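Trainee: Supplied in structure tokens, the structure appears directly below.
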Amino acid sequence: MLLPPLSAIPPWVVSLDDYEGLAKERVEAGVWAYLCGASGDEATLAENREAFGRIKLSPRIFRDLSSASTALTLFGREYAHPIFIAPTAFHRMFHPEGELATVLGASAMESCLTVSTSASTGIEDIVSQATVPPWFQLYIQPDRGFTAELVKRVEAAGCGALVVTADAPLSGLRNREQRAMFRVPAGIEAVNLRGMKAVPPSDRVFGSELLASVPVWKDLEWLRSLTGLPVILKGVIDPEDAVIAADEGVSGIVVSNHGGRTLDTVPAAIEVLPRIADRLEGALPLLMDGGIRRGTDILKALALGASAVMVGRPVIHGLAAAGATGVAHVLKILRTELEIAIALTGRATLKEVDRSVIW
Ligand SMILES: Cc1cc2nc3c(=O)[nH]c(=O)nc-3n(C[C@H](O)[C@H](O)[C@H](O)COP(=O)(O)O)c2cc1C
Ligand SMILES: CC(C)CC(=O)C(=O)O
């Protein structure tokens, strides 16, 4: 029997891990496998966490912290802190209020939500509830005409940026999800894709219509010609691709392996981040996601070259556990942990967080 969402947060809930247990009791088994799972042997999923554990911090003492702040400016906008929400699909699978609850929780904590292409709520409704303009994550669809209309629609709705996901032209084979026979439940759909001409399903990979229409670099140029929004490329792992992306004129990059859900045995995003930062030498703002569960993880990412981080599964744990309140509390925990971690390493502002923070 599934439990209903909580109406109050128990006092023993103090970390993101605590939320995972609360969420599991409230989510149907197949949907849970979709949320937690990753591709293949889930080696990259595990590595995203383990790599953070191998990085040690180096605290400095007796520093002046009187002007401490986590504020930053990104793509011309001020943000109160560098904790952003990664795009994840179909929030109504996890809570009846879906993305509307997520965006309320995000707004309460001054956090920016990236809305998935496969959101289960209309983009205009989500943006209307936000105090921080959401970003929109775009999968370039085989139907390029529909894609162009969608880009115009999200810009008109008031989204602040377009996050183009590049690492999932095909879905990874997520065995955990296959074994649980996961299907998107009836009544829940990617409403922002309604009316699109979909490619017919195929049990072939090579030779399929889908493979014939996967996006290439030239599609990025086309996309940039359609919109005045900053275009951020998500799913970059190889430093060579980061260099091409910068040459192509993207506004930013999300260093990400899709939470281990696409190609398995890719290195942890936090391991890749400093290599990309070294290659780009500050040419573009970098974000990263994958395995962020603690404020110290965020501090490590900032020290290794990220301007901000995105958080995926834990936000959904908060949503499933307690709707908007759960989302806000997950973000609040992370924000408090980050402030304490920055202060205990003797730094006052994000500008002071550089590689000297790493042991
Ligand atoms: C359930 C689920 C759905 C996701 N859906 C999307 C999506 O629609 N678009 C996308 O670009 N990434 C998607 N992602 C990947 C996340 O944006 C992000 O890269 C990843 O979850 C970060 O890792 P974390 O969960 O360890 O924080 C999804 C991830 C999960 C767990
Ligand atoms: C609907 C899916 C394509 C969303 C996704 O990117 C994921 O589940 O990882």
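These residue numbers are counts, starting from 1, taken along the chain as shown.
Placed from the backbone N, Cα and C atoms, the Cβ positions cover glycine too.
Note: TrEMBL annotation is automatic and uncurated.
Fair warning: this is a prediction, and the values are worked out from it, not measured in the lab.
The active site, proton acceptor annotation in TrEMBL covers His258. The glyoxylate binding site annotation in TrEMBL covers Tyr34, Tyr139, Arg174, Arg261. For 87-89, Ser116, Gln137, Thr165, Lys234, Ser256, His258, 289-293, 312-313, the entry in TrEMBL reads FMN binding site. Annotated domain 'FMN hydroxy acid dehydrogenase' per TrEMBL: 8-359, in sequence order.
Could you place these features in context, so I can see how deep they sit and what lies close by?
Mentor: The Cβ neighbour count for His258 (active site, proton acceptor), using a 10 Å radius over every protein chain in view, is 27.
In the three-state DSSP scheme, Tyr34 (glyoxylate binding site) is classed as helix.
The DSSP secondary structure for Lys234 (FMN binding site) is strand.
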Trainee: Reported as an integer number of Å, what is the Cα distance between Tyr139 (glyoxylate binding site) and Lys234 (FMN binding site)?
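Mentor: Distance between the two Cα atoms comes out at 10 Å.
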Trainee: Reduce the DSSP letter at Gln137 (FMN binding site) to three states and note it down.
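Mentor: Its secondary structure by DSSP: strand.
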Trainee: Does any of Ala89, Gln137, Arg174, His258 have a Cβ within less than 6 Å of an atom of ligand 1? These are the recorded positions; tell me which, or none.
Mentor: Ala89, Gln137, His258
Trainee: Where the criterion is a Cβ under 6 Å from an atom of ligand 2, which of the binding-site residues Tyr34, Ala89, Arg174, Arg261, Gly290 meet it?
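Mentor: Passing the 6 Å Cβ check against ligand 2: Ala89, Arg261.
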Trainee: Let's check the environment of Pro87 (FMN binding site): how many other CB atoms sit within 10 Å of its CB?
Mentor: 24
Trainee: Within 10 Å of Gly312 (FMN binding site), Cα to Cα, which of the binding-site residues Tyr34, Arg174, Arg261 are there?
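Mentor: Cα filter at 10 Å returns nothing.
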